[in-house]
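Student: Mind having a look at this structure? Questions to follow.
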Amino acid sequence: MAKKSQIAKNKRPAKFSTQAYTRCERCGRPHSVYQKFHLCRICLRELAHKGQIPGMKKASW
């Protein structure tokens, strides 16, 4: 979990575009965040398994 200060800092607009980075909206993780969902890979997987993301299902081939 990210600190509350880091989450608050991320919500503010960055002074420069290179300073901006994505964080998971659910847990605050800074790495491997899917921009379309604003979730990290771990949270995305958990929610997909629970069926809480519409249109997403487990792939099988």
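Yeah, the Cβs are placed from backbone N, Cα and C, and that goes for glycine too.
From Swiss-Prot, for reference:
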type: BINDING; residues: C24, C27, C40, C43; note: Zn(2+) binding site
Student: Can you tell me whether DSSP puts C27 (Zn(2+) binding site) in helix, strand or coil?
Tutor: coil
Student: Out of C24, C43, which of the binding-site residues has the smallest number of neighbouring Cβ atoms within 10 Å?
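Tutor: Output over binding-site residues C24, C43: least Cβ neighbours within 10 Å is C43.
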Student: With an 8 Å cut-off on Cβ distance to the C24, C27, C40, C43 Cβ center, who else from the chain surrounds the Zn(2+) site?
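Tutor: Here the nearby residues are E25, R26, G28, R29, V33, L39, R41, I42, L44.
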Student: Using all protein chains shown, find which of the binding-site residues C27, C40 scores highest when you count other CB atoms within 10 A of its CB.
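Tutor: Per the Cβ count within 10 Å, the most buried is C40.
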